[in-house]
Every structure is written in structure tokens, then in C-alpha cells.
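Visitor: Quick one: the structure is below, and I'll ask about it shortly.
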């Protein structure tokens, strides 16, 4: 039995394939009668950590709802770096993003695409992550649900609000503005989408581009009821501790993210209360409870990670190219909701498009690289042909005409 991390920010299904000091169980492919190795080495890098393994196929069955056996691609992890961490309760990862992110290429069919094709289920899945207000370092898992092929009404309350998927690689969405304590940050909306904004269950925190992160920290510090705060708390290097009888969440403001609605002239906002971003992590003695800041800076994306997703039931409607949000009934602390959805709002005060029209994501870079390599190859071939064609007239060589290693294609050939 293996615990698998559900990750909407990658596209490979992989499990530990050899013993590792930081995992309690692993999949021994040699003892499997159904596993077939493809013999293809694969490496996947994440924002934190990486692993290298071998691609293969195996047969899976679903314990509930989807009956039958299905053949899927699976990688056995043979080496890893900062991937399996001390104390983690999982032994592998299930990537649920699009095949554009699959390694070593998009030709590797993803787990969910295989299931849609073979089991004929609808091209939609949904995720409820629970654990709001619970200690991060608590034992076991905090629960939640992954629904493959549809939506489960008991996992949400109120309406589902949908925002379009802008690019089918990550689940890239368009963010229009952020508010802290009801106050607009007043940044250009393109700052929120630099260079992408994604919904990623495999990222723990809410990650914000550096300029947005600085503005959010300043706004929280300005509107909170705490006058003096160590900078180490905001950067994640220090914890803040209060007496266990206190509830520090009342000292901090609500955080709201505006997403473009399917009707582009409208938007809606998802809001998280401090119970989701001021996270209990460590108890000290009998009297103190320590908390971390559940928001961090990012150099390349705004990432709606678990910090936000724990407040909502999130629907990944790939068939209609949209991501839906609804309030989750497990997003409660001390009996009170810690998340909200409100709308619609007009988008008259923001640009018609907050996402850069040029997406230099990985598949495009690969295409550009191959095109340049092909062009260089053609030029090199022409040069070689010109060198091999015999000269039309005789030429008496002088010392200055000698082709040496320093000037030859042997030394300077393109690789």
C-alpha cells in the first residue's frame, strides 16, 4: 500500500521503486507479474526536488466507482534529490496536469488521459483538500477526496464559479486583482500573471510573484493589529508563537483573489481567512503554539497551492477548458467557515487581457530549439558540401593557406 501525492502541477505518475531512507514503502517491480519496463530513463524536476527513474506500464483497478482494469504509464523512482523528505507520509506522485508537461515528452500518455480513453469516463476530475486550521506537522493525513470523472455534490456548498483555462499545460488561469482586508493592491493585473498563474495542488503555499508578494506583505502588516513583526516571519525563516489560549487569526485580514469569469466581462473572488494562511505548525511546551506564514515569493509564477485550495472544492473541467471553485464544507475552524466565494463583479476596471499573449512555456521552447538546430544542421551540411567540391582552378598554396586545427571545422564545429 502506497500513499500518493495528488499533483495538478505535473503530469507523470511515479512511485518509489527502490528503498529510500525517507519512505516506508516502495514498489518492487521485479515482484510484479503485470509491470512491463519500457527501458526509458526519465527525470522530472519540480520547484523543490527532482527524481530520476525508468518508464514502464502496469495495470490498475479502482476500488470505487470505475470498474475494470486499465493499463497506465508508471515511472519507478530509482534516484531522487529533495523529493522524498524526512517525515513525509507519501511514496509517490500522481501528476494530473496536461500531457504537454509529461516527461520525457508529451507522447507519454498521462494517468488521467489513459483512464478517460479506456474507461470512457468524462474528461473532468475534482479535488477537495481538507486540513484547514489543523497543525501542518500533524500525524497521518488530513483527509479529502479526489473524484475522477465528475463532481460530487456532497463535497461543496453553494454555487460553483468557473474561470477559463488559458493554456493547457499547467492549469493556467487569469487573475485580475488581489485584495487584502478589502483593499485593492492597485497593481497592474499583468503582475499577478507573471509569467503565469496556475492552480497546483502539489505546491504547499500560496506563491506570489516577488512584486505582488512585497505588496501583500506590506498590506497585511499595515492592516494587522500587530505593530511589530519580525521580517523572518514573512520570509518563512521564523515562526510566530502565541499562548495556546489565544487565537491569533483575529489579528490578520482576509485575502481575496479575483478570477475572470467564463463571461469575460465579469469576475468572481475567492477569499481565504487568516486561518488558512497563518498555519499552526509546532507546539512548544504546554503553553505556546507556533505558526508559519502560508504565503511565499516566487520568481516565475503565481501559484494557487494548498494554502488556498484547502478552502475550496476545485473542479478541473478539462472537457470545457475551465476550473471551478466552490466553498468546501471541510473548510472550517472552530465551527466557522474560513473561505468565501462572491460574485459576479464587473471587469470594467481591469484590462481585457491580463495574460501575456506570448507564452514561452516549455513545449514552445523545445520547438524553437529543434527549429534552430535544424537550421544550423542545414548550414553545416552546405559548408561540408562546399568543402568537398573540388576547386575549378589550380591554386599554388603558400604557407598562409595551410588549414590548421585553430581554423578548421574540426575545432569549431557546431555541436
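Placed from the backbone N, Cα and C atoms, the Cβ positions cover glycine too.
Straight out of TrEMBL:
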ACT_SITE  7  active site
ACT_SITE  200  active site
DISULFID  130-330  disulfide bond
DISULFID  189-354  disulfide bond
DISULFID  241-290  disulfide bond
DOMAIN    1-326  domain 'Peptidase A1'
CARBOHYD  263  N-linked glycosylation site
TRANSMEM  364-389  transmembrane segment
Visitor: How big is the gap, in Å, between the Cα of residue 200 (active site) and that of residue 241 (disulfide bond), rounded to a whole number?
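Guide: The separation of the Cα atoms works out to 29 Å.
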Visitor: Say you check the Cα of residue 354 (disulfide bond) against those of the recorded positions 7, 241, 263, 290, 330; which is nearest?
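Guide: Its closest listed neighbour, by Cα, is 263.
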Visitor: Round to the nearest Å and give the CA-to-CA distance linking residue 290 (disulfide bond) with residue 189 (disulfide bond).
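Guide: Cα of residue 290 (disulfide bond) to Cα of residue 189 (disulfide bond) measures 34 Å after rounding.
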Visitor: Pick the one among the disulfide-bonded residues 290, 354 whose Cβ has the fewest other Cβ atoms within 10 Å in this structure.
Guide: 290
Visitor: Name the one residue among 130, 189, 241, 330 whose Cα is closest in three-dimensional space to that of residue 7 (active site); these are the disulfide-bonded residues.
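Guide: Closest by Cα: 130.
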Visitor: Where the distance is taken from Cα to Cα, which of the disulfide-bonded residues 130, 189, 330 turns out closest to residue 263 (N-linked glycosylation site)?
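Guide: So, spelling it out, the nearest of the disulfide-bonded residues is 189.
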Visitor: Among all the protein chains here, how many other CB atoms are within 10 A of the CB of residue 189 (disulfide bond)?
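Guide: Within a 10 Å radius of the Cβ of residue 189 (disulfide bond) lie 20 other Cβ atoms.
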Visitor: Could you round the CA separation between residue 189 (disulfide bond) and residue 130 (disulfide bond) to a whole angstrom and send it over?
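Guide: It is 30 Å, counting Cα to Cα.
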Visitor: Which whole-number value in Å describes the distance between the Cα atoms of residue 330 (disulfide bond) and residue 241 (disulfide bond)?
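Guide: Computed Cα spacing between residue 330 (disulfide bond) and residue 241 (disulfide bond) is 25 Å.
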Visitor: Are there any residues in the same chain, six or more apart in sequence, whose C-beta is under 8 angstroms from the C-beta of residue 241 (disulfide bond), and if so which?
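Guide: Spatial neighbours, sequence-distant, of residue 241 (disulfide bond): 284, 288, 289, 290, 291.
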